[in-house]
Amino acid sequence: MLDTGTLRARFQQHYGIHPSVIVRAPGRVNLIGEHTDYNDGFVFPVAIDRATYVAARLRHDQLVRVASSDLNEEDTFAIDQIERSNRPWHNYIRGVALALRVAGHPLLGADLLIASDVPRGAGLSSSAALEVAVGYAFQVLNNLNILGEELALLAQGAENNFVGVQCGIMDQLIAVLGRADHALLIDCRDLSYRAVPLPPSVAVVICDSHIPRTLAASAYNQRRQECDMAVQLLRRWYPGIRALRDVSEDHLAAHSDALPEPIRSRARHVVRENRRTLQGAEALERGDVVTFGRLMNESHASLRDDYQVSLPDIDILVETAHHLAGCYGSRLTGAGFGGCTVSLVERNEVESFSRDLLRVYHNATGRTATIYVCRASDGVGRATDNAGPQE
């Protein structure tokens, strides 16, 4: 957790005045339900206790000034003349401001200072945390009445339409709606959700492989296209389907010969992953961590074999975790081709689990991974810890 008192001091040093508000939006890790969100399916993420913070103060002109404490970079743009920048991180902020204006929300300019302890490039949704935090800062500064789901959709729209990344809704939605000590089962079609408590005896352990995700963007778009192609082919027999969410395992079995590879395997992963996600949420609701862990393991096998988004070194992390004491289940999380694994581990075994996982991975690959032991946190809101009086 970042110290908000330090953020206030940095803001004052940079802008010569205290911020009027500091907000935070968390990163996320998805326990199960991978590559299902853009297929109108089900996901089961938690908001983690690492977040992006925005210290902000309203201006009374059209100017937005942004300083990144982490990158030591700045951006300035006019709120009524928003254009794309050649600096990618600028566009997340500009895109959110534009999305708010297009939706009819009047904005004044602002001074913003951004800092984050969400690891970038690890698949923990640092970009969604940034979008949601900036959107919420604009909301607070301008006294806007925006429901949580609307803020998530606006942030997703900014990433889709302005940044140019065709992400699903999960990352932004959990950044808005996350609940401490709970995972959220989210229906990505109608955005309905229910909170499921996490057993207090179990820890969420994230392991960053530090494998650069150089193929993630192109492969992600390719997988989306393959899923869309599966839907188009299956509409010959099931004209009412809108997405793979509407396809059952029986549908696939009846017409698998009509789906060429790799489209058949992609569809099989999504359809079965939706089932696993629903079963997993039900298992945790009744406190059955063993069943949930087994479903996590099945999910990884499907991501590896059917969706083909894992890598050998990621498989080493997962297989090693499976054999360590206290681990109920482990899998790749995020888009794939690097990034992180997530494991559910008995809390009193976390220290030895982490030590042994890092050792085996380093011996096998030569890489040094990073462990994050996370707690499920609340979604976006004001950050008041150590902030002092907010003016």
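Any Cβ shown, glycine's included, is placed from N, Cα and C.
Checking the candidates Y220, Y238, Y328, Y361 against Swiss-Prot: the one annotated together with E34, H35, T36, D37 at the substrate site is Y220. Around the Cβ of G121 (ATP binding site), the number of neighbouring Cβ atoms within 10 Å comes to 14. In this structure the C-alpha atoms belonging to S126 (ATP binding site) and E159 (Mg(2+) binding site) are separated by 12 Å. Largest Cα-Cα distance over the residues recorded as binding ATP, namely S68, G121, A122, G123, L124, S125, S126, S127, equals 20 Å. Among E34, H35, T36, D37, Y220, the residues given in the record as binding substrate, the maximal Cα to Cα distance rounds to 12 Å.
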